[in-house]
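As structure tokens, the structure follows; a few thoughts come after it.
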Amino acid sequence: MGNRGMEELIPLVNKLQDAFSSIGQSCHLDLPQIAVVGGQSAGKSSVLENFVGRDFLPRGSGIVTRRPLILQLIFSKTEYAEFLHCKSKKFTDFDEVRQEIEAETDRVTGTNKGISPVPINLRVYSPHVLNLTLIDLPGITKVPVGDQPPDIEYQIKDMILQFISRESSLILAVTPANMDLANSDALKLAKEVDPQGLRTIGVITKLDLMDEGTDARDVLENKLLPLRRGYIGVVNRSQKDIEGRKDIRAALAAERKFFLSHPAYRHMADRMGTPHLQKTLNQQLTNHIRESLPTLRSKLQSQLLSLEKEVEEYKNFRPDDPTRKTKALLQMVQQFGVDFEKRIEGSGDQVDTLELSGGARINRIFHERFPFELVKMEFDEKDLRREISYAIKNIHGVRTGLFTPDLAFEAIVKKQVVKLKEPCLKCVDLVIQELISTVRQCTSKLSSYPRLREETERIVTTYIREREGRTKDQILLLIDIEQSYINTNHEDFIGFANAQQRSTQLNKKRAIPNQGEILVIRRGWLTINNISLMKGGSKEYWFVLTAESLSWYKDEEEKEKKYMLPLDNLKIRDVEKGFMSNKHVFAIFNTEQRNVYKDLRQIELACDSQEDVDSWKASFLRAGVYPEKDQAENEDGAQENTFSMDPQLERQVETIRNLVDSYVAIINKSIRDLMPKTIMHLMINNTKAFIHHELLAYLYSSADQSSLMEESAEQAQRRDDMLRMYHALKEALNIIGDISTSTVSTPVPPPVDDTWLQNTSSHSPTPQRRPVSSVHPPGRPPAVRGPTPGPPLIPMPVGATSSFSAPPIPSRPGPQNVFANNDPFSAPPQIPSRPARIPPGIPPGVPSRRAPAAPSRPTIIRPAEPSLLD
């Protein structure tokens with residue numbers, strides 16, 4: 001016969017477990033451990049066995065449980081047991097389980113009453129149990145026997161405390177009825193770890209072995225030595241019953257008959273016995289499950305909310321709906337167009353704070369990278385002067401010219417304009433790369449439909465490539481237009497007269513320092529990369545770039561200036577990235593081979609990314625610091641020709657040089673303005689319009705709709721998993737709601753005055769016998785409950801001593817007298833209120849037993865009373 005209450009809980013817990021396992025999680029109910037604590041031969045193992053409903057633990061007289069037994073009950077469809085020390089063997093006969101426990105105990109402790117703290121781990125799989133842990137502990141003893149060590153008492157207590165200290169442990173404090181309750185070590189230990197008494201249940205065993213005429217009624221009614229959760233009396237099988245193979249069913253029937261027939265217990269028979277103990281423990285398990293439900297519910301609700309948004313699109317999913325694929329295709333294409341436009345035009349909705357979007361990158365190309373590429377093709381001064389001198393001489397031919405020729409200016413300008421084609425085409429290529437990258441990022445949302453994604457990328461990329469050709473043609477046309485007519489009447493053009501005076505004005509301007517406010521072009525952190533380790537190694541500084549100088553400071557407060565470097569004769573060159581470095585480096589050097597900083601001919605400045613390097617280079621260009629040119633030509637001849645010019649030719653070269661500078665600046669300004677406009681119109685805006693208006697038609701013509709909208713296996717699995725998870729979460733929440741409504745929590749009993757457990761050191765000499773207490777407790781309960789119970793009770797016992805004090809004493813005079821003095825204020829231990837509660841059926845022979853006990857009372861108790869009162 002199993003534990004019916006526990007079997008009723010099994011479906012409830014299984015529902016929860018199934019609900020959680022369906023969402024791929026485990027339901028951690030963490031049901032309480034049930035630990036049985038008590039003295040030797042108190043009946044601990046029998047109590048535990050009755051709770052499980054199986055006969056499998058060793059029992060007998062003396063110390064039988066000599067190692068802790070950790071019994072794990074695990075719900076399973078088949079019934080068997082296995083030990084941790086021999087996992088490979090499954091026990092289906094529980095007699096063999098008992099024999100294995102005895103054998104394993106002897107293997108570690110020997111056969112001569114030895115004790116070991118090493119636990120035996122037993123797992124019992126059964127369809128009739130919950131997932132619980134039960135602990136059978138060795139009995140508390142004070143005197144070592146056999147192979148037991150001298151400190152056996154402390155060893156056992158430490159062992160017990162390890163198991164019952166856990167907050168979720170229920171403690172069954174087992175005390176036999178024929179022993180002293182006030183000195184119960186089990187209750188004392190429980191009080192240490194559970195001072196509020198919330199998880200301690202008193203269990204009184206061996207009620208059938210009490211002396212005739214004595215009972216434990218007041219203890220079981222929680223009037224004498226009360227506990228918060230009270231006491232439950234049980235009657236276990238005797239050793240004779242066990243040897244006679246009396247099963248648990250018959251034992252429970254005999255127990256019930258005992259309580260119904262006993263005059264002291266029949267009125268509370270429904271609150272006594274193993275079934276009531278099972279019911280009480282099962283109610284504690286129910287309470288624990290209910291207490292766990294709010295945490296589980298909030299956990300499930302948070303998961304459900306996180307899934308709501310993702311599941312919203314799947315809720316109305318109908319695989320057999322003929323319009324489903326059409327709707328999905330339209331929705332996907334529209335979403336792709338919206339995402340593409342947001343990434344290009346920018347949007348305040350869901351801004352990416354980790355990296356630049358496509359539109360921001362294209363903006364950087366237009367206004368940082370492209371101007372930098374234009375300045376990079378800046379002509380070399382010596383080469384330009386040589387070309388101008390050759391042009392002037394070739395135009396004059398054999399004649400000696402008196403005036404500066406216009407044709408030389410036009411020839412040089414046209415040659416410079418042609419050089420603009422390369423940076424302009426490179427700008428288009430950079431924009432195309434960003435557009436294609438943006439398309440791929442936007443199609444990532446189409447990953448559910450691989451064929452649709454592939455076709456969308458192909459069609460849009462093909463269109464961008466088509467627009468690339470037209471855009472490049474248009475840009476080349478712009479350059480050809482600039483080359484076709486040199487407009488020397490432009491309002492920004494300096495003209496011949498101004499060109500001749502420009503050199504003088506520039507020299508004067510350089511001689512007079514700028515008294516106005518210096519314009520700061522850029523600020524930021526840079527690392528000087530080539531300072532030797534001997535001088536501190538590479539270090540990060542705060543750099544400030546103006547139109548005249550480059551300064552660096554210790555930090556961004558700009559209070560402690562480290563150095564200021566004038567920009568005259570400075571240029572930029574690229575530096576290869578170090579093998580072990582993740583920094584991107586460029587260098588600044590002096591064209592006149594002078595040191596730029598201390599003993600360094602160049603300073604290497606490091607940034608975290610190539611984009612930062614390009615941005616700094618563009619800033620240096622604005623300040624007039626240009627990139628280094630490759631000197632592929634023979635400079636010796638150039639120098640000879642340059643320096644061999646006569647003064648008149650030199651003046652003409654200088655004039656044309658200034659005119660070329662002025663006109664090329666006008667063209668650069670125009671190209672810098674027209675390039676972004678041309679690319680935006682011919683490429684970006686056209687691509688957006690194509691996606692919005694024509695992409696869908698191209699998709700329909702490129703492939704069958706069914707093949708386009710075939711889901712990937714991963715996406716179908718993901719959708720199914722998400723929907724299953726969503727419904728499982730809702731089902732689990734419904735189950736939790738059902739459990740909450742179908743079960744009832746038992747309220748915690750109110751606190752009781754259990755100071756007797758704390759004062760047992762002073763009471764311990766007196767109370768020796770609980771059975772007797774049940775005979776004369778009516779006068780004693782007030783003594784325990786009230787703060788000053790003694791005085792009012794003194795007169796009552798005096799009158800009652802002769803007539804009602806004897807019945808409990810005859811069987812064990814000594815212990816009875818000691819127990820009678822549990823109340824230090826009552827000189828005579830018996831209270832006269834008992835007669836009214838004694839059933840009329842008390843045997844007439846009881847009075848004859850009273851006389852022997854009376855003489856022993858003064859001898860044992862009276863000498864101890866004064867010290868107790870003190």
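Note that Cβ sites are derived from N, Cα and C of the backbone, with glycine treated the same way.
Following the DSSP three-state reduction, the secondary structure of Ser41 (GDP binding site) is coil. Per Swiss-Prot, GDP binding site is recorded for Ser41, Gly43, Lys44, Ser45, Ser46, Arg59, Gly60, Lys206, Asp208, Asp211, Asn236, Arg237, Gln239, and the stated evidence type is similarity to another entry.
Taken from Swiss-Prot, the feature compositional bias 'Low complexity' applies to 847-864.
What Swiss-Prot lists as domain 'Dynamin-type G' is 28-294, and the listing cites sequence analysis.
According to Swiss-Prot, the feature domain 'PH' maps to 519-625.
The feature phosphotyrosine is assigned by Swiss-Prot to Tyr231 (among others). The Cβ neighbour count for Tyr231 (phosphotyrosine), using a 10 Å radius and every protein chain shown, is 23.
When Cβ atoms from all protein chains are considered, those within 10 Å of Tyr597 (phosphotyrosine) total 18, not counting its own. The phosphotyrosine annotation in Swiss-Prot covers Tyr597 (among others) and rests on a curator's inference.
In the three-state DSSP scheme, Thr755 (phosphothreonine) falls into the helix class. What Swiss-Prot lists as phosphothreonine is Thr755, and the listing cites similarity to another entry.
The feature region 'G1 motif' is assigned by Swiss-Prot to 38-45.
The feature region 'G3 motif' is assigned by Swiss-Prot to 136-139, with sequence analysis given as support. Packing against the region 'G3 motif' (136-139) from elsewhere in the chain are residues 35-42, 44-45, 48, 57, 63, 65-69, 71, 115, 156, 159-160, 163: each is 6 or more residues past its ends and has a CB under 8 Å from a CB in it.
If you look up Swiss-Prot, you'll see 205-208 marked as region 'G4 motif', on the strength of sequence analysis. The average pLDDT the prediction assigns to the region 'G4 motif' (205-208) is 88.
Per Swiss-Prot, region 'G5 motif' is recorded for 235-238, and the stated evidence type is sequence analysis. Mapped onto DSSP classes, the region 'G5 motif' (235-238) shows 0 helix, 0 strand, 4 coil.
Taken from Swiss-Prot, the feature region 'Disordered' covers 741-870.
Under 8 Å from some Cβ of the region 'G4 motif' (205-208) lie the Cβ atoms of residues 42-43, 46-47, 174-178, 215-216, 233-236, 258, 262, 265, all in the same chain and six or more residues away from its ends. Remote same-chain partners of the region 'G5 motif' (235-238), defined as residues 6 or more beyond its termini with a Cβ less than 8 Å from a stretch Cβ, comprise 43, 46-47, 50, 205-208, 246, 251, 254-255, 258-259, 273. Taking Cβ-Cβ distances under 8 Å and a sequence gap of 6 or more within the same chain, the neighbours of Asn236 (GDP binding site) are Gly43, Ser46, Val47, Asn50, Thr205, Lys206, Ala251. Checked against Tyr231 (phosphotyrosine) by C-alpha proximity, the recorded positions Ser41, Asp208, Gln239, Tyr597 yield Asp208 as the nearest.
Helix, strand and coil counts under DSSP for the region 'G4 motif' (205-208) come to 2 helix, 1 strand, 1 coil. Across the region 'G3 motif' (136-139), DSSP helix (H, G, I), strand (E, B) and coil residues number 0 helix, 1 strand, 3 coil. Its own atom aside, the Cβ of Gln239 (GDP binding site) has 11 Cβ atoms within 10 angstroms in the protein chains shown.
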